[in-house]
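TrEMBL has this to say about the protein:
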- 12-35: transmembrane segment (TRANSMEM)
- 72-93: transmembrane segment (TRANSMEM)
- 99-118: transmembrane segment (TRANSMEM)
- 164-190: transmembrane segment (TRANSMEM)
- 211-232: transmembrane segment (TRANSMEM)
- 238-255: transmembrane segment (TRANSMEM)
- 267-292: transmembrane segment (TRANSMEM)
- 312-335: transmembrane segment (TRANSMEM)
- 347-366: transmembrane segment (TRANSMEM)
- 372-393: transmembrane segment (TRANSMEM)
- 414-436: transmembrane segment (TRANSMEM)
- 456-474: transmembrane segment (TRANSMEM)
Amino acid sequence: MNSFSFKKASNVLLATQLFSTISFAVLYSTLVLFMTQALGFSVAKASATMGVFVAFNYGLHILGGYIGGRLVSYRVLFLVGMFLQILACLFLIKPSVWNLYIALSLFLTGCGLNVPCINMMLTQQFSSDDHQRETAFFWNYAGMNVGFFIGFTIAGIFHSSQSYNILFLLTTVTNIIAFVLLSIGWNTVADKTTPLVRRVTIVGNSILVKYNSYGLGIVLLTIIILFIALQFPLNTNILALIIGLCLLFMFIPIAKKQKTKAQRDKVYAYVILATFGLVFWSAYSLAPMALTVFTQSNVDRDFLGMTIPTQWFQNVNTIVIAVGGPLLPLVLVTIRKKFIFSFPMQFCFGIIFMGIGFFMLVLGVLTSGKTGYTAAIWLILSYFFQSLGELLIGPTGYAMIGKLATPKLQGLMMGSWMVVVGSTSGVIASLLSIAIAPKNIDTNPLVTNSSYEGLFISLSMLAFISATILFFIIPKVRKLASIHKKPNTL
């Protein structure tokens, strides 16, 4: 691909990523509050449902990773996913329990399809050894977080006035914009090296009708299954946890079947890093559940005569990512001129920052005083350090797939990475949130602070211990991943 085409494709995907993220950001930050305040759910039930949301949002990425490039092209599948998200937001305009279940079934299926598709459309712009790949993913990750910033901001504004109908109408519009943007850039994001492209080259376009029908049939079946699963959120979470762990260890026999030792070792490296990624993302995934309830009920949000909306605190994360995303590659280039700072080391530091982030919350609870309310600065510091960790692990996790996966495994590994570090971690976060959930969202912080303190201490210790273990096995992981001791290595 020439540089002009590459730039145009990247710009299209960056803008599409931004607008497609807004509706997800709104639901991610508001769903627990919406369910408890507008629909009368208990905190425990809302946390369980949110766990299903997080689990299937990421878990269904493996569905998108499988269908995309095999049965349906990535760009077509992305548009199908966006159409489902548009329908979902329309259902949410009129709040009811049944509309919620229908909307989440549609929305989650849509997210499951379009996220791996947009990542794979970007991945195909580069060769496996092109160092621009990492930079492009950092930019795309930053653009996604601009979408999160917009979503969190409007969610806070309209949640404060309980104007959910306007909020979800706005998300419908942003989804339509994302749909149109990719349609405009249609020719620049075509599939290039997928199994479907190779099949069409051999057989012809006639095979597309059959394959596309199979793919869309799977999508419809997924929506039906999700609608049922959402009505049994706790059982669904437990099942998703089992599936996620099995999927992680499934790559061990997959590694043994690889043709060369180098390919086997790279799959083993993936399993190791995914395991440590699970530690990081399990703590991170508390944000839309336990941390949202903690922020709403246990944090002093008054500032200069106004009450800061709960969702706005998560904008600390988006600001750090949006600013740090473009800057970090430059910092890494400088560091790598003098040190070996490969992606396993980035994982290690990311987990350390997560531990520091939760330690800030421990200090916040301990200094809460007689009222029980934690000062907002501790929550802000927590999100700041968590965001530094995400900056090191998030985009690097996506980019590393291109280095570790063979073309045949690329889609499956991209989807499974999102399942293991997204779905499984979301379920773990949901179960932790349920374990410490107050009876209702307005429970006095003096009653709940001890539970939160215990959770925050446990997560801090787990993060620090995990980072220590990873640090000592980094040489082994580098060897498995074929990371050579040279400047600017990924």
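Glycine is treated like the rest: Cβ placed from N, Cα and C.
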Feature contact check the transmembrane segment (164-190) with the transmembrane segment (72-93), CB under 8 Å, 3 or more pairs:
yes
For the transmembrane segment (372-393): best-contacting stretch of 12-35, 99-118, 211-232, 312-335, 414-436, by Cβ pairs under 8 Å:
312-335
Of the listed stretches (211-232, 267-292, 312-335, 414-436, 456-474), which one yields the highest count of Cβ-Cβ distances below 8 Å with the transmembrane segment (347-366)?
456-474
May I ask you to check whether the transmembrane segment (164-190) and the transmembrane segment (312-335) make contact, with contact taken as at least three Cβ pairs under 8 Å and only pairs 6 or more apart in sequence counted?
no
Under 8 angstroms, Cβ to Cβ: which one of 12-35, 99-118, 211-232, 456-474 has the largest number of such pairs with the transmembrane segment (414-436)?
99-118
What same-chain residues lie close to the transmembrane segment (456-474): Cβ under 8 Å, and 6 or more beyond its ends?
272, 276, 279-280, 283, 286, 342, 344-345, 347-349, 351-352, 354-356, 358-359, 361-362, 365
Residue numbers, six or more beyond the limits of the transmembrane segment (12-35), whose CB comes under 8 Å of its CB atoms:
41, 43, 45-47, 49-50, 53, 57, 78, 82, 85, 89, 95, 100, 107, 111, 114, 118, 121-122, 139-140, 143-152, 154-156, 159, 164, 167-168, 171-172, 174-175, 177-178, 181-182, 184-185, 188-189, 287-289, 292-293, 296, 310-311, 314, 441
